[in-house]
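Here is the structure we will look at, set down as structure tokens.
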Amino acid sequence: MITTRFAPSPTGFLHVGGVRTALFSWLYAKNNNGKFILRIEDTDLERSTQEAVDAILDGMSWLGLKNDGEIYYQTKRFDRYKEVIQELIADGKAYYCSCSKERLEELREYQQANNLKTGYDGKCRDANYVPQQGESYVVRFKNPQDGVVSWDDAVKGRISISNHELDDMIIQRADGSPTYNFCVVVDDIDMAITHIIRGDDHVNNTPKQINIYKALNANVPVFAHVPMILGPDGAKLSKRHGAVNVMQYREDGYLPQAILNYLVRLGWSHGDQEIFSIEEMIKAFNLEHINASPSRFDFEKLKWLNKHYIKESKFDDIQTEVEYHFAKTGLDISNGPDLKELVAVMAEKVDTLVELAEKSSYFYSDDISYDENAVKKHIKASTGEIFVKLLENFEALDAQQWQDPDVLHNIVSTTAEQCQVGMGKVGMPLRVAITGSGQSPDIGITLKLLGKNKVVARLTKALEELCK
């Protein structure tokens with residue numbers, strides 16, 4: 001069975017690069033009716049935090065990238081790692097090393113001063129050293145000293161590294177804890193991982209890991225090293241570009257559908273298709289069409305996709321996110337139009353759900369403030385008479401008539417005729433009075449969504465406060 005994994009380290013938040021790696025791994029598993037494993041690589045005890053673990057799990061849940069089976073934590077598998085280390089020592093494939101930090105530092109300085117390759121010189125490799133109680137030691141892996149490590153990377157093609165370039169890496173630290181490059185191999189073997197899709201910053205780890213696979217007589221999985229994501233300026237993506245906790249994108253009003261759709265196209269293509277549902281992603285995804293070159297993050301493209309999903313999604317598919325953002329504003333959504341109807345009207349005017357909530361606040365809150373520029377531009381000496389006539393005409397409408405935007409639009413038009421002014425001389429002051437600004441959807445739709453009581457109350461208030 002095809003089995004992939006996403007294995008983040010909880011030393012920081014889940015950012016877009018990690019999300020893309022998780023997405024590619026998840027899609028490949030789903031495309032092949034396989035399994036997708038989530039593993040938290042928390043062996044760095046000093047830097048790993050529960051806050052970061054929670055952020056990773058929250059991000060994966062929000063995006064809908066559900067793992068199969070349990071979530072694995074490396075810190076809960078230390079006994080297993082120590083067991084395998086002892087097997088390697090017993091088989092002569094690993095050894096105890098007593099070299100002090102001072103000796104290793106002197107060795108490094110000597111190598112650098114003489115333009116030699118830096119790395120461990122193998123002093124303890126064949127010394128058959130057995131540590132006595134109280135002695136400090138590490139365990140090193142016996143890397144082959146000749147030959148070449150090669151693999152056919154699913155993204156980068158054939159890669160070969162001479163074993164002469166690799167030293168005997170530490171697989172168990174002096175404090176007894178196992179190291180990253182060793183743990184991941186044991187995990188991937190035990191979890192039957194067949195395909196490892198990860199960032200190309202791991203390419204240099206791969207030959208070391210392949211040698212451990214071979215030492216343990218295990219099958220070497222397929223590796224697919226995905227290029228990094230660059231900022232719009234071509235520099236490495238950083239916080240200033242937006243390499244923030246993926247949950248910040250939620251706070252900024254982006255839909256998970258938009259994030260996933262954007263990231264799947266960031267370094268992977270399927271013809272000219274830009275818009276993908278999750279089902280379409282799963283059906284189309286493969287490793288062959290992952291681009292070997294880095295991609296640049298384009299915020300305008302992400303914003304465009306987000307707008308598309310706000311406009312085109314079934315309301316049921318985005319309702320949770322819409323309600324989340326309205327709740328953040330403190331607006332009482334029971335004091336206004338149905339959110340489904342509101343989104344249909346406002347979607348064309350916003351790029352994010354934050355904008356949606358902000359630009360729609362006047363539908364739900366009676367505490368509106370008037371935009372000074374709009375008041376100055378549209379409220380004139382004659383506006384009071386227009387508001388009086390509008391109130392008279394609106395009061396004459398029954399509940400059924402108020403549900404028809406065309407009827408309401410015609411009332412505004414009729415009022416303009418009665419007052420012998422152009423439509424704009426009525427519509428724009430009316431907008432300011434009922435929304436606080438000169439911008440809103442079509443006036444008939446705006447009146448309908450606000451409802452008769454709100455419109456009459458706000459017109460009355462504007463008549464008193466703006467038309468003195």
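One is the number of the first residue shown, and numbering goes on along the chain from there.
Glycine too: its Cβ is placed from the backbone N, Cα and C atoms.
Listed in Swiss-Prot:
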MOTIF     8-18  motif ''HIGH' region'
BINDING   Cys97, Cys99, Cys124, Asp126  Zn(2+) binding site
MOTIF     236-240  motif ''KMSKS' region'
BINDING   Lys239  ATP binding site
Checklist outcome for this item: Between the C-alpha atoms of Cys97 (Zn(2+) binding site) and the residue listed as 'ATP binding site', the distance in angstrom, to the nearest integer, is 40
Next on the checklist: Here's one to test understanding: among the binding-site residues Cys99, Cys124, Asp126, whose C-alpha is closest in space to the C-alpha of Lys239 (ATP binding site)?
Outcome noted: Cys99
Checklist outcome for this item: Across the motif ''HIGH' region' (8-18), the model's average pLDDT, rounded to a whole number, is 91
Item to check | Winner by Cβ contact number (other Cβ atoms within 10 Å) across the binding-site residues Cys97, Cys99, Cys124 | outcome: Cys97
Checklist entry - With the Zn(2+) site defined by Cys97, Cys99, Cys124, Asp126, which remaining residues of that chain have Cβ atoms positioned within 8 Å of the Cβ centroid? => result Tyr95, Tyr96, Ser98, Tyr120, Gly122, Lys123, Arg125, Ala127, Tyr129, Arg140, Asp168
Checklist outcome for this item: Reduced DSSP state (H/G/I helix, E/B strand, rest coil) at Cys97 (Zn(2+) binding site) is strand
